[in-house]
């Protein structure tokens with residue numbers, strides 16, 4: 001009788017495990033398919049969580065605090081992208097205006113109103129114009145660009161929706177983890193809390209670094225415009241300063257992505273106006289290299305983004321993550337680094353020596369210390 005009960009329980013357990021593994025594999029496939037969106041959502045969450053803590057103290061609800069925090073940090077980015085799009089469209093129209101007019105003139109029926117009326121009365125001419133390939137090529141290119149923009153906006157919206165729900169419901173997730181997965185004082189709890197703190201340090205440090213470098217770039221560009229003559233002044237200084245701040249997300253390259261093309265353009269203007277003006281762009285290059293390149297990489301990034309993690313490891317995670325995974329490697333690389341580093345600090349040595357795993361660690365210089373007790377605030381705030 002007891003053997004039958006054990007067999008029944010065993011079959012039930014195996015069945016539940018098979019279902020769990022099947023659903024886990026499905027979720028893993030979904031996560032793999034949207035890995036870029038997911039890590040961007042984690043970046044939005046950890047990068048804005050310190051600000052969310054302050055906003056939540058004055059907001060009437062967690063949801064309002066979460067959406068306000070995301071809008072406060074993301075809206076400037078949207079404004080920068082919109083400004084770039086407007087400037088780019090203006091430049092494109094100035095360059096291709098003549099070509100567009102010539103193309104329109106080549107379409108039957110557009111030379112004057114009478115011919116246009118004849119085209120409307122005879123749709124066959126329009127079909128003939130479409131078959132020549134020119135209009136089809138333009139439409140195909142336009143649809144491709146619009147499709148890429150729509151796809152990017154969709155993934156961006158999904159990422160920030162993930163960040164919103166993590167901010168709003170983070171307390172509930174933490175409560176569930178403590179009550180059903182890992183009790184405070186266990187190695188699993190210590191591992192997750194240490195990873196949580198390190199990810200916040202890295203991701204929030206990135207956003208803070210963007211802001212600091214953008215402020216420095218604003219001071220540099222506007223200060224330069226005060227002393228430089230008109231032919232070699234920096235155009236759209238505020239916009240370029242924001243772009244310089246955003247460029248700090250790119251490892252090694254950082255501000256060079258913006259100020260090097262800017263200096264080259266100013267050098268061309270200097271040669272066209274007067275050879276003596278070349279000293280101004282060269283001076284700007286030196287100042288930008290020192291304040292917008294060397295200072296962020298050697299002083300600001302290690303202090304802001306990796307105060308508890310080895311600077312070299314952080315740098316390699318950004319560089320190698322981007323090289324291996326593409327654009328989202330900028331966020332996935334640090335995630336893999338933190339997960340691996342905390343595993344080595346807390347678990348690996350005990351497993352290697354056959355000892356019981358505890359949250360205690362002696363490698364305090366390589367990451368945040370794991371927590372052994374629950375904090376009053378479930379989100380760790």
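Glycine too: its Cβ is placed from the backbone N, Cα and C atoms.
Residues or ranges marked as transmembrane segment in TrEMBL: 16-43 (among others).
TrEMBL lists 64-89 (among others) with the feature transmembrane segment.
According to TrEMBL, the transmembrane segment annotation covers 145-167 (among others). Beyond its flanks by at least six residues, the transmembrane segment (145-167) meets 34, 36-38, 40-45, 48-49, 52, 62, 65-67, 69-70, 74, 173 of its own chain at Cβ-Cβ distances under 8 Å.
Under the heading transmembrane segment, TrEMBL lists 203-224 (among others). Counting only same-chain residues 6+ beyond the ends of the transmembrane segment (203-224), those with a CB under 8 A from a CB of the stretch are 42-43, 46-50, 73, 233-234, 237-238, 240-242, 244-246, 248-249, 254-255, 258-259, 280, 283-284, 287-288, 291-292, 295-296, 300-301, 304-307, 331, 334.
Per TrEMBL, transmembrane segment is recorded for 236-265 (among others). Only residues 6 or more beyond the boundaries of the transmembrane segment (236-265), in the same chain, are considered here, and those with a CB under 8 A from a CB of the stretch are 76-77, 80, 83-84, 87, 206, 209-215, 217-218, 220-222, 225, 281-282, 284-285, 288, 292-293, 296-297, 301, 315, 318-319, 322, 330.
Note on the transmembrane segment (277-295): residues 213, 216-217, 220, 224, 227-229, 231-232, 234, 244, 254-256, 259-260, 262-263, 266-267, 269-271 of its chain, located 6 or more positions outside it, place their CB under 8 angstroms from a CB of the stretch. Under the heading transmembrane segment, TrEMBL lists 277-295 (among others).
Annotated transmembrane segment per TrEMBL: 315-339 (among others), in sequence order.
Annotation source TrEMBL lists compositional bias 'Polar residues' at 360-371.
Here TrEMBL flags 360-381 as region 'Disordered'.
The compositional bias 'Basic and acidic residues' annotation in TrEMBL covers 372-381.
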